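Participant: Before anything else, here's the structure in question.
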Amino acid sequence: MGVDEKIRASGEQVRDTLPTINPDVERSQPPKPSLHPAFYVSIWISLSSSVILFNKWILSTLGFEYPVILTTFHLVFATVMTQLLARYTTLLDGRKTVKMTGRVYLRAIVPIGFFFSLSLICGNLTYLYLSVAFIQMLKATTPVFVLFSSWALGVSQPNLKVFLNVSVIVVGVVIASIGEIKFVWIGFIYQIFGIAFEALRLTMVQRLLSSAEFKMDPLVSLYYFAPVCAAMNFVVALFWELPKLSMQEVYDVGFLTFFLNGLCAFALNVSVVFLIGKTSSLVLTLCGVLKDVLLVVASMIIWGTQVTGLQFFGYSIALGGMVYYKLGYEAIKGYAGEAGRQWADFGNRRPILRRISIMLFTVMTIFVLLGGLAPTYAPGMDPTEYLNEAKNKIGIARL
């Protein structure tokens, strides 16, 4: 064998024996830290509920009866924040893949923003007339309006079976409306129009996003929609509410309160971006139902809203119909079977904790039912005159 062949053979042997990656180093690298999906879900539920309760508190409890101005402030706040995030963070880098032109903006973004603006205005006007509990019950009809708007705009074809499925939701909401104690027609009409406008917006967004060129996450959508919605709302507020507004009413609420309210509303949009892709459609659906139920309970606790047994019955039907419509029978059957097995396994591993969970659920259910089924004659009685009468009798007795 020649010298060149020996060197070549030696070189090949050396290259074959040298490892390219150290298995120990590769194995020792820690996995990238990630938060549990329950964290993102809990943040979304908390922020979503907080925005609704916060708006109700400002508009109703604090007496700032200018919902259009409040909505305009939210949108201006969102416009400023999305511009800052686009400039200084990577959260809005998704906009770089969107082929947005002036023509597309005028033909797609502006009409969607128009209906978005109307839905926000009507939705906030409703807080002046209806309780949070009843508003959440009416919002259960959103899938019904989305279905009808998708048929009207040609996004999907009419289907009798699907229509019968969503009819259950309508029946449940009708029953809940019959049971509403403080039913106000103008508030009911505002909410129905708000849901209809929101359904049209969602359908138009679905049609826009059907093209791969316009795939946008919720934060990028807000980046494009917030400016046009803010401008439209400002025009409405300029003629409708600004002439009646005084600075004293703004001072009574406080600039810090307005800032926190806008920050909470914007944080909700950011949380949705992080939530997408972390959970399944089942979890999102059930979390939405849980959020609505918690808002009903919160309305009863914070504002003393009376919810009748008939409303609970109707709302239960509506929520059940909504879950069935979104998931379908086979999916629900599979998930129910898996949940039963998980619950049985949990009982075997943690029997005491399982008993405590059942007891807490039972106590909470009884509390809610008693709150809703309590007699309604008590609020009509003014205790002041009876107390004054008792004091007079005591005073006479002491003379």
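Cβ coordinates are placed from backbone N, Cα and C, and glycine is handled just like the others.
According to TrEMBL, the protein carries these features:
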- 37-58: transmembrane segment (TRANSMEM)
- 38-325: domain 'Sugar phosphate transporter' (DOMAIN)
- 64-84: transmembrane segment (TRANSMEM)
- 104-121: transmembrane segment (TRANSMEM)
- 127-148: transmembrane segment (TRANSMEM)
- 160-178: transmembrane segment (TRANSMEM)
- 184-202: transmembrane segment (TRANSMEM)
- 222-242: transmembrane segment (TRANSMEM)
- 254-276: transmembrane segment (TRANSMEM)
- 283-303: transmembrane segment (TRANSMEM)
- 309-327: transmembrane segment (TRANSMEM)
- 358-378: transmembrane segment (TRANSMEM)
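Distances, neighbours, how buried they are, the whole picture for these features please.
Facilitator: Counting only same-chain residues 6+ beyond the ends of the transmembrane segment (37-58), those with a CB under 8 A from a CB of the stretch are 64, 70, 124, 127, 132, 135, 253, 257, 260-261, 264-265, 267-268, 271-272, 274-275, 278-279, 283, 287, 290-291, 294-295, 298, 302-303.
The average pLDDT the prediction assigns to the domain 'Sugar phosphate transporter' (38-325) is 87.
Distant neighbours of the transmembrane segment (104-121): 67-68, 71, 74-75, 193-195, 197-198, 200-201, 204-205, 208, 214, 224-225, 228-229, 232-233, 236; these residues of the same chain sit at least 6 beyond its ends, with a Cβ under 8 Å from one of its Cβ atoms.
Remote same-chain partners of the transmembrane segment (127-148), defined as residues 6 or more beyond its termini with a Cβ less than 8 Å from a stretch Cβ, comprise 52-53, 55-56, 59-60, 65, 67, 156, 162-163, 166, 169-170, 172-173, 176-177, 180, 182-184, 186-188, 190-192, 195-196, 198-199, 202-203, 292, 295-296, 298-300, 303, 305, 307, 311, 314-315, 318-319, 322, 325-326.
Long-range contacts of the transmembrane segment (222-242) within its own chain (CB-CB distance under 8 A, at least 6 residues past either end) are made by residues 66, 68-69, 71-72, 75-76, 78-79, 82-83, 86, 92, 95, 100, 105, 109-110, 112-114, 116-117, 120-121, 216, 269.
Within its own chain, the transmembrane segment (309-327) has Cβ neighbours under 8 Å at 133-134, 137, 140-141, 143, 162, 165-166, 168-169, 171-180, 281-282, 285-286, 289, 292-293, 296, 335, 368-369, 372-373, counting only residues six or more beyond its boundaries.
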Participant: Rank 160-178, 184-202, 254-276, 283-303 by Cβ pairs under 8 Å to the transmembrane segment (64-84) and hand me the top one.
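Facilitator: The stretch with the most contacts is 254-276.
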Participant: The transmembrane segment (160-178): which same-chain residues, six or more beyond its ends, come within Cβ distance under 8 Å?
Facilitator: 134, 137-138, 140-141, 143-144, 147, 188, 310-311, 313-322, 324-325
Participant: Can you name the far-off residues of the same chain, 6+ from the ends of the transmembrane segment (184-202), with a Cβ under 8 Å from a Cβ of it?
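Facilitator: Hits for the transmembrane segment (184-202): 112, 115-116, 118-123, 125-126, 128-130, 135, 138-139, 141-142, 145-146, 148-149, 153, 177.
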